[in-house]
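*Asks:* Mind having a look at this structure? Questions to follow.
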Amino acid sequence: MTTRTPLMAGNWKMNLNHLEAIAHVQKLSFALADKDYDAVEVAVLPPFVDLRSVQTLVDGDKLKIKYGAQDISAHDSGAYTGEISGSMLAKLKCTYVAVGHSERRQYHGEDDATCNAKVKAAYRHGLTPILCVGEGLDVRKAGEQVPYTLAQLDGGLADVPAEQVESIVIAYEPVWAIGTGEVATPEDAQEVCGAIRGRLAELYSQELADTVRIQYGGSVKSGNIAAIMAQPDVDGALIGGAALDADEFVKIVRFRDQ
Ligand SMILES: O=C(CO)COP(=O)(O)O
């Protein structure tokens with residue numbers, strides 16, 4: 001059985017300007033100790049305009065916290081007003097980039113083909129995609145969460161070779177649990193995360209599936225993280241609101257103490 005290092009990533013969404021970002025990362029770095037980083041990989045996904053400030057702080061103080069972006073252009077350069085390319089993110093030494101977050105799918109019309117193009121763009125520039133998948137309430141009520149989520153996974157990974165996918169992170173975020181305070185039960189999270197791992201084994205190999213980290217996201221807090229992390233196929237969390245509170249985020253990183 002492969003041991004997967006849990007990944008706790010804070011998705012700040014459209015919160016914290018670059019000055020607030022510096023203060024927040026400093027607070028996290030004061031609170032987190034080497035033993036935390038030994039047990040868990042910790043990352044933040046700030047807005048684009050904060051990334052240079054976060055990079056300067058992380059480089060200058062040799063912090064162990066990783067960082068990345070919330071989105072990436074499918075294109076590498078050129079006349080794409082408002083877009084940010086993978087090479088720009090790589091230049092800022094980003095490790096991760098979220099792809100296909102449900103808010104991008106819902107408010108910016110991103111479909112599986114767009115997500116697939118963005119996953120490929122991330123790999124062209126040495127970035128690790130965090131591919132977000134998950135069903136809405138109507139799909140959940142119809143009991144279709146597994147096939148729906150697996151179809152998103154298939155679409156996002158189309159024609160992406162095993163040697164790239166082995167480093168990917170998949171975030172299972174049921175839309176009905178995002179920002180609502182309604183967390184999926186640990187069993188709900190396990191059902192879909194387990195199905196995602198099974199699909200990776202079918203598409204690639206069991207060995208690859210055992211290596212890939214699968215996160216849960218949706219109303220994660222210090223009070224519910226331990227039960228979610230106790231599930232065999234949950235390897236971390238993508239945390240929204242609770243990641244904006246440094247003390248709370250640190251407690252989530254220390255889920256084993258909760
Ligand atoms: O969308 C999320 C993380 O990407 C989850 O957000 P909340 O933790 O605020 O529910």
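Glycine residues also receive a Cβ, built from the backbone N, Cα and C atoms like all the rest.
No curator has checked TrEMBL annotations; they are predicted automatically.
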*Asks:* Can you tell which of G60, G179, G194 TrEMBL lists as binding substrate with N11, W12, K13, S219, G240, G241?
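*Replies:* TrEMBL names G179 for this substrate site.
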*Asks:* Let me check the 10 A CB neighbour count of G240 (substrate binding site). How many other CB atoms are there?
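*Replies:* I count 22 other Cβ atoms within 10 Å of it.
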*Asks:* Please go through the binding-site residues W12, K13, G179 one by one and keep those whose C-beta falls under 6 A from any atom of ligand 1; give the result in sequence order.
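*Replies:* So the answer is G179.
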*Asks:* Output the one of G179, G241 that, of all these binding-site residues, has the highest number of other Cβ atoms within 10 Å of its Cβ.
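*Replies:* Neighbour-count leader: G241.
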